[in-house]
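I have placed the structure first, in the form of structure tokens, so that the comments after it can refer back to it.
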Amino acid sequence: MNESKPGGSQNSTCVFCRKNDDCPIKYGEKKTNEKWNLTVHYYCLLMSSGIWQRGKEEEGVYGFLIEDIRKEVTRASKLKCSVCKKTGASIGCVAPRCKRSYHFPCGLQRECIFQFTGNFASFCWKHRPVQIITSNNCRDSLLCTICLEFIEPIPTYSVLRSPCCKNAWFHRDCLQVQAINAGVFFFRCTLCNNSDIFQKEMLRMGIHIPEKDASWELEENAYQELLQHYEHCDVRRCRCKEGRDYNVPDSKWEIKRCQCCGSSGTHLACSSLQSWEQNWECCECRSILYSAVASNSVQPYGLQAPARLLCPWDSPGQECWSRLPCPPPGSNVRLLRLPALAGEFQKAKKHALPNTNVGINDCLLEESSPKLPRQSPGDQCKDLLRQGSKFRRDISTLIIELGFQVKKRPKKVFINKANFWNSALDGFRNQNFNPSYTIEIVYVNENDHFGREQPGSKQEFLSLLMQQLENSSLFEGSLSKNLSLNSQALKENLYYEAGKMVAISLVHGGPSPGFFSQTLFNCLAYGPENTQPIVDDVSDFDVAQIMIRINAAATVDDLNSLIHDYYKYLEFIGCLRLITSISDKYMLAKDVLVYHVIKRVQAPFESFKQGLKTLGVLEKIQTYPEAFFHIFCHKPENLSAKILSDLFTVHTLSDVQTLGFWNSYLQAVEDGKSTVTMEDILIFATGCKSIPPAGFKPNPSIECLHMDFPVGNKCDNCLALPITSTYKEFQESMDFAIKNTLRLEKEENSHFI
């Protein structure tokens, strides 16, 4: 065990194969336990014949206990490798009566097979499994379907054939690299996409398929460009003087996308569309629909005349840009649109038409998979959402839909309460952190020499994070806040992290911000160019005084005098203008306002907006701004006795008298007969002072126990009530425990909130 390369330390050498190599694809990840001065390759540890994983994943090394590893090293030290003739051969062939043992790298060298499944069996070069090919009609060289290099179609150790496609051949090394990158969810045959049969055969032949997401799925914001809407006018003659990319919502220059493909667009004015709700198809899609209707002789439902597509802009005085053949004047032609083709025109009625009352679970409003790019049906949903109130969505439903992206794969975030903000930043910036994984909060104390970890409530952590964000220097204002201009925060990319925190809090069941100004929210939802700030958005006293004096100017001379007084400031912000009348003061005040509230913080805004795109939150806000406005710009409603009584459920058989005391206590708190508030009770039980938009998970519950004081389990949202003989004892016990517990927590957290 003491053998190592010159100049290398013992703890960098694998205790099984005695190699310093760090090659994850060949030997697995190299792991070092500094406490025990022990280093192993994952595959060397996994394939050793005399060791089992007896611990949890976080214990020892990958769940293998340190004492077990030491015993296995001792056992292997008595065995000689059949390849290099050195001791330490921990892997043995599973074939009956075969006594060959070897190191993992030596086994690879002699083309042994290691099966990373079941009992993790290994086979020596004499007994390894082979692929049986009954006939080989293709004797010429074929391409490896991964690297596209020529190989001889003969099954050997280094050449494998797909079990589902006869002409699919691969290099073993190519397959292994692809399996490492794709993971168990995306590793499949490159020709037919079969995964079950293909993976089973590859595991038999010694290909390691890790149980993880694909490497391209772990890249943060890897598919953000696919979530961008198409905004370009593609008609033959664009009438917009600002160009084909000019897009102004709620005007004639708003770009409407093709409802069929979503990859072509037009200004409303360029195609004579009267409103945004009017359907529009591009030339290619209309030609396809026209051909389909003409060839199939589709008949309108309830009409006898043959149906053809008619150009809706073929009216006197207007140019017809369509390349479709138009019918002669006076012909018996009906105008068809895509919804009609989809719903009213059928060759044969196989299914009943859908109801007009569309629910949130209907396919019409179904969200696409987070693994797939967003496509044009999403745009069709937006069209329908604008048409009537029956398609409006509830905010809790929207956030629950966003929560479907979260995988049930826990990821620990270590939080030091003495340095809450920095430890939260470090956790979110960690390269292994994935916002789509389930967050597990672990509180640590740097003064604890034993390194003990304390599980924490995720909702409590997110609630503290939103409070910290509200009071940070990233925002300015008293109640309704706007983004501030902080050069140091911009340099450290904190605005991006702030947007990311807000998105993660919403999707993972935490509280909403509730402190945004309407101007900031409108900039996010509709764009800064479509937002008009108000004087209340100005938190700088000096700037507010300048605007007040400008608006109070009574004559042109007074206005020019003000411009002279603030000449350098107005020149710096680019708001100097020639004054010809007293009415120019309104435009001058507006320019100053827009600069200070919007243009001045353009860089922080763009960074914050990029962070808010995490998990698709910004796109959801821009799709349903009315639903998100309330939770972003207003604090949650005040809690009442009825709200708390309905919130907590009783899952087990409890003491009836204690439950009566509980309801009476809630009513007394609401009536002001207690020093405890409704928010205090909720914080004591869940760690949150308000109900998150998506609700609690798990739902808050109550149980009654024989004890002196109540206990709040914030990780499980469970409140244990004391069983007492009188209501007075119950109230005194509740008041004392809640009041003192929250006081101690506030004292502990006062230095970082």
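For all residues, glycine too, the Cβ spot is worked out from N, Cα and C.
Remember, TrEMBL labels are computer predictions, not curated facts.
Taken from TrEMBL as is:
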type	residues	note
ACT_SITE	CYS715	active site, glycyl thioester intermediate
DOMAIN	11-128	domain 'PHD-type'
DOMAIN	595-753	domain 'HECT'
Discussion item. I'd like the Cβ neighbour count for CYS715 (active site, glycyl thioester intermediate), meaning other Cβ atoms within 10 Å of its Cβ, all protein chains included.
Written reply: 16
Response to the item:
DSSP tally for the domain 'PHD-type' (11-128), helix/strand/coil in that order, comes to 29 helix, 20 strand, 69 coil
Response to the item:
Across the domain 'PHD-type' (11-128), the model's average pLDDT, rounded to a whole number, is 89
